[in-house]
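Reviewing the structure listed below.
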Amino acid sequence: MQARDPHVNVIFVGLMGAGKTTVGRAVARRLDRPFFDSDHEIEARTGARIPVIFELEGESGFRDREAQMIAELTQRENIVLATGGGAILRPENRKLLHERGLVVYLRANPHDLWLRTRKDKNRPLLQTDDPKAKLEALYEARDPLYRECAHFVIETGRPSVNGLVNMVLMQLEMAGIVAKPLQA
């Protein structure tokens with residue numbers, strides 16, 4: 001990725017529930033760029049929901065599909081991409097994401113993530129007796145990997161989606177990806 005390349009991909013990473021899809025879709029709208037969610041693309045291609053893929057192929061099989069999808073999507077230019085929470089587990093994915101786009105890590109604390117995901121049955125890694133403890137463990141394990149991959153870290157805290165979008169756009173402006181702040 002070259003600095004000041006207006007066609008660079010904008011890629012969101014972070015744990016499940018961090019807001020990658022919601023914020024990514026809003027950023028894409030504001031930048032008038034196509035939006036892709038790697039998990040949704042996998043579901044569309046396979047015709048199966050993520051939990052079914054996990055059940056039939058295991059996490060390893062799903063991660064293979066995810067790596068293929070990331071490689072394919074990041075060959076495009078000028079897109080906004082939301083990745084799955086575990087996309088950064090493989091070193092080759094982290095390298096590819098970092099090289100083929102400007103990576104924004106939406107960082108949320110485990111408690112906020114739990115509040116956002118506790119009723120979502122489409123998250124196979126949280127189908128445990130203690131999903132909050134699982135999120136805490138995932139956060140501890142993955143936070144360094146997200147940081148390794150990211151160009152920017154945005155603390156999600158409690159701002160509105162529009163507030164987060166504005167923070168992302170400000171970072172993109174400073175990186176030369178957008179010419180000026182875009183108003184909602």
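Glycine is treated like the rest: Cβ placed from N, Cα and C.
As the structure is a computational prediction, the values presented were derived from the model and not from experiment.
Checking the candidates Arg100, Arg107, Arg142 against Swiss-Prot: the one annotated together with Asp39, Arg63, Gly85 at the substrate site is Arg142. A gap of 9 Å separates the Cα atoms of Gly85 (substrate binding site) and Gly17 (ATP binding site). When the C-alpha distances from Arg142 (substrate binding site) to the binding-site residues Gly19, Thr21, Thr22 are tabulated, the minimum falls on Gly19. Listed in chain order, the residues near the substrate site other than Asp39, Arg63, Gly85, Arg142 are Met16, Glu66, Thr83, Gly84, Gly86, Ala87, Ile88, Leu89, each with its Cβ within 8 Å of the site Cβ centroid. Every protein chain shown contributes to the tally, and the Cβ of Thr22 (ATP binding site) ends up with 17 other Cβ atoms within 10 Å.
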